[in-house]
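Read the structure below first, then the notes.
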Amino acid sequence: NLIQFKKMIKKMTGKEPVVSYAFYGCYCGSGGRGKPKDATDRCCFVHNCCYEKVTGCDPKWDDYTYSWKNGTIVCGGDDPCKKEVCECDKAAAICFRDNLKTYKKRYMTYPNILCSSKSEKC
């Protein structure tokens with residue numbers, strides 16, 4: 001769920017998730033349209049696509065099982081849908097970490113109105 005996702009992001013990046021990512025670029029936070037502004041925004045685009053593929057549970061609200069082993073997220077549990085959501089969140093948190101060097105403060109609260117180009121397909 002979103003609370004678990006926030007914890008993953010915080011641990012992976014050291015950044016405060018809501019402040020740093022909830023309104024970043026054209027795809028972080030709710031919805032999304034246009035072309036991703038940079039690699040971090042593309043992480044959100046891919047994460048949104050990942051959530052769209054999930055069926056049988058609610059990615060934003062259903063709890064899943066995960067643990068940390070040697071700084072790595074390990075998704076577990078018996079529910080395949082919830083495990084898939086965990087894998088989506090894990091991939092996004094890793095993507096954010098891997099793109100910290102190109103994170104741009106100017107995209108932190110990017111106005112959605114500027115995301116007007118044609119949306120990419122998943």
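From the backbone N, Cα and C atoms, a Cβ is placed for every residue, glycine too.
For Cys95, the cysteine that Swiss-Prot lists as its disulphide partner among Cys28, Cys43, Cys44 is Cys43. Listed ranges 1-13, 66-78, 105-117; the one Swiss-Prot annotates as region 'Important for membrane-damaging activities in eukaryotes and bacteria' is 105-117.
Here the candidates are Cys28, Cys44, Cys49, and Swiss-Prot names Cys49 as the disulfide partner of Cys122. Noted from Swiss-Prot: Cys57 is disulfide-bonded to Cys81, selected from Cys44, Cys81, Cys86. The record in Swiss-Prot pairs Cys88 in a disulfide bond with Cys50, which is drawn from Cys44, Cys50.
Cross-referencing Cys44, Cys86 with Swiss-Prot gives Cys44 as the cysteine bonded to Cys28, criterion being a recorded disulfide.
Across the range of the region 'Important for membrane-damaging activities in eukaryotes and bacteria' (105-117), the DSSP-based residue counts are 6 helix, 0 strand, 7 coil. The subset of disulfide-bonded residues (Cys28, Cys57, Cys115, Cys122) lying with their Cα within 10 Å of the Cα of Cys50 (disulfide bond) consists of Cys122, given in sequence order. All protein chains included, Cys122 (disulfide bond) registers 10 other Cβ atoms within 10 Å of its own Cβ. Among the disulfide-bonded residues Cys57, Cys75, Cys86, the residue whose Cα lies closest in space to that of Cys28 (disulfide bond) is Cys86.
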